[in-house]
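J.: Here it is: the structure, laid out below.
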Amino acid sequence: MNPRRKKRLTLAIALIGGVAAIASLLLYALNSNLNLFYTPSEIVNGKADTGVKPEAGQRIRVGGMVTVGSMVRDPNSLHVQFAVHDSLGGEIMVTYDDLLPDLFREGQGIVAQGVLGEDGKLAATEVLAKHDENYMPPEVAEAMGQKHEKLDYSQQKSAAQ
């Protein structure tokens, strides 16, 4: 092998090795920030297709309805505990130590993100409340043939008289 060909081969191998190292570091970083979404039934019984349950200490997102009558607030702090259930009957307890969103209510849909504990409770770091199901974006309303118009102040005033 002549020196020029040997130099090209060394450069190609180094380039491929560098790309492989960058790709593996990128995949490792993405894997550590991955939040898998589960329903309460999937946490209790495992995923329907694989039977895999989330492990304790794993960061996950849980979506479901807040069980009516399950919310317990600590009067001396922001700590709140509530249960989240789904239509399949699964239920998981969620603890949260911050201000709840304004739309949060019992019987309302939520998504909670946090770490699953050894006891099966989710220690939430973020709670997102879903919007009212009756809300319809203007684009959807327009597609359905409904008209949503805002009255300006002069029209509201004349309508009131």
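Even glycines carry a Cβ here, placed using N, Cα and C.
Quick caveat, the model's predicted, so the values are computed rather than measured.
OK, Swiss-Prot features for this one:
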- 1-8: topological domain 'Cytoplasmic' (TOPO_DOM)
- 9-29: transmembrane segment (TRANSMEM)
- 30-161: topological domain 'Periplasmic' (TOPO_DOM)
- HIS131, TYR135: heme binding site (BINDING)
- 138-161: region 'Disordered' (REGION)
J.: For the topological domain 'Cytoplasmic' (1-8), jot down how many residues DSSP puts in helix, in strand and in coil.
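T.: Taking each residue of the topological domain 'Cytoplasmic' (1-8) in turn, the totals are 6 helix, 0 strand, 2 coil.
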J.: Hey, which bits of the same chain come close to the topological domain 'Cytoplasmic' (1-8), Cβ under 8 Å, at least six residues off its ends?
T.: none
